[in-house]
Amino acid sequence: METTKPSFQDVLEFVRLFRRKNKLQREIQDVEKKIRDNQKRVLLLDNLSDYIKPGMSVEAIQGIIASMKGDYEDRVDDYIIKNAELSKERRDISKKLKAMGEMKNGEAK
């Protein structure tokens with residue numbers, strides 16, 4: 001079988017399609033994040049309405065809100081710590097892969 005060399009226009013089309021695919025992937029992830037965020041807001045309001053009962057004082061409602069806020073702030077802190085740990089592991093793996101690649105290149109020479 002004979003392979004034909006792609007023309008310049010074919011290469012441009014490939015690059016254009018690849019960029020479009022990546023842009024669509026980023027947009028899909030962005031929309032999915034917005035969906036998750038709004039679903040969380042709906043759940044938060046549902047939870048809040050479960051706690052608030054008729055005849056409660058403003059102070060009691062504010063106490064519930066403050067408690068929920070504290071819980072969410074703690075979760076954010078936990079996620080920040082987890083993200084830092086994952087990033088450190090990713091960097092360590094990248095260093096190992098780079099070292100392995102350099103060892104392989106050294107053997108090939």
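Any Cβ shown, glycine's included, is placed from N, Cα and C.
Residues Tyr51, Tyr72 are shown; Swiss-Prot lists phosphotyrosine for one of them, Tyr72. Cα spacing between Tyr79 (phosphotyrosine) and Tyr72 (phosphotyrosine): 11 Å, rounded to the nearest whole number.
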